[in-house]
Amino acid sequence: MDPNQHNPPAGHQIVHVRGDSETDLEALFNAVMNPKNTIVPPSVPMRLRKLPDSFFTPPEPKSHSRQASTDAGTAGTVTPHHVRAHSSPASLQLGAVSPGALTSMGPANAPPQHLRQSSYEIPDDMPLPPGWEMAKTPSGQRYFLNHNDQTTTWQDPRKALLQMNQAAPASPVPVQQQNIMNPASGPLPDGWEQAITSEGEIYYINHKNKTTSWLDPRLDPRFAMNQQRISQSAPVKQGSQLPSSPQSGVMSGNNPIRLQQIHIEKERLRIKQELLRQRPQELALRNQLPTSMEQDGGTQNPVSSPGMGQDARNMTTNSSDPFLNSGTYHSRDESTDSGLSMSSYSVPRTPDDFLNSVDEMETGDTLGPGSMATQPSRFPDYLDAIPGTDVDLGTLEGESMAVEGEELMPSLQEALSSDILNDMESVLAATKIDKENFLTWL
């Protein structure tokens, strides 16, 4: 078979047409337009689908009846229960045991007590409590109906009666032992009352706020502290001072530690204030020199404006920090990516950009003879207004500063090495930069 037979040439398309495509498409439209004419395949009836009987029986409302008690029992309180579990020791419920019986097992001299009546099946001839009725499920499991509150339960109420009857004669012994072993002996606080439930559990009633509690109020540390202070104090009326005295004692004990923490916080705040106070000075020092150079390059006759030195001198004399004073000069914000960054202003080496600008100001084409005469008197005054700059003014000095220049030159010649001098010569011999291209922003 030729393989090229199934591969059409480029640019040609093969359309396959099926014989029943039109009929299938018409059938789809007819099924939507005429739904009555369509034949729906019969489905299996619900009764023949092998579903359980409970699927067809609607749930009955939860009510007090024997029919509804099989499914509508108290599911929240029912524990995993087997059919014959009520006759085994596993049916012992720890919640039904009174706290007095549990506390009686704590002391070593107390005899062990075994609740044997809950480990065997209760005979059927024993009468149920008033208002109770016993019934059986279809599977034969027994449950109990409480007509008093209209509830059903799996637990036999006769077990609680037997446990309460056995715990009743033994209850005075745990109470006496509790009074001996527990320091919470004595009368109850004012407004409290002790009571016992039907299952033998002891609880306490607070008549002041009409609440009940399982906790003995005599075990409350606040009540014990108040009783101790009342017994130790004289009959002086100090009721209003009792609640505040523990807090005052705690504060007096922690007073030196609190003072030390406050002192440390003050030191931290003082250091932060010093750093914030030094930060504007550094930023202004970094940005003032490039900003002034930009102003000199942007004006038509930069050297012939003698007011700049006077303003700078006024800024230094009017306040301790000339850069924090509000004047007519606006400094540029700090730019980390600028080519004119003065981040190395503390280095003794003279910046290259500054030397280029000085050379340009000396040999500019637009400078006249009159403006050259005013330059030595203006430029040093401007540099004097900037604190902390290590700029050599030997090349800019006039006749008035010749004595100071002679004093500085020997020390500079001794400190400079041949490498630094070669770098200075290469910088000075470089091509002059135009004023328009002097400031290059990156």
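Glycine residues also receive a Cβ, built from the backbone N, Cα and C atoms like all the rest.
The coiled coil annotation in Swiss-Prot covers 258-279. Across all of the coiled coil (258-279), the predicted model scores a mean pLDDT of 87.
According to Swiss-Prot, the compositional bias 'Low complexity' annotation covers 238-249.
Residues annotated as compositional bias 'Polar residues' in Swiss-Prot: 288-304 (among others).
Residues annotated as compositional bias 'Polar residues' in Swiss-Prot: 313-329 (among others).
What Swiss-Prot records for 337-347 (among others) is compositional bias 'Polar residues'.
If you look up Swiss-Prot, you'll see 126-159 marked as domain 'WW 1', on the strength of sequence analysis. When DSSP labels each residue, the domain 'WW 1' (126-159) comes out as 3 helix, 13 strand, 18 coil, counted as helix, strand and coil in that order.
For 186-219, the entry in Swiss-Prot reads domain 'WW 2'.
As annotated by Swiss-Prot, phosphoserine applies to SER21 (among others), with the evidence given as similarity to another entry.
Marked as phosphoserine by Swiss-Prot on the basis of similarity to another entry: SER69 (among others).
The phosphoserine annotation in Swiss-Prot covers SER87 (among others) and rests on similarity to another entry.
The phosphoserine annotation in Swiss-Prot covers SER119 (among others) and is backed by similarity to another entry.
Look at Swiss-Prot and you will find 51-89 (among others) tagged as region 'Disordered'.
Swiss-Prot lists 97-116 (among others) with the feature region 'Disordered'.
The region 'Disordered' annotation in Swiss-Prot covers 230-254 (among others).
The feature region 'Transactivation domain' is assigned by Swiss-Prot to 247-442.
Residues annotated as region 'Disordered' in Swiss-Prot: 286-374 (among others).
DSSP labels the residues of the domain 'WW 2' (186-219) in these numbers: 3 helix, 13 strand, 18 coil.
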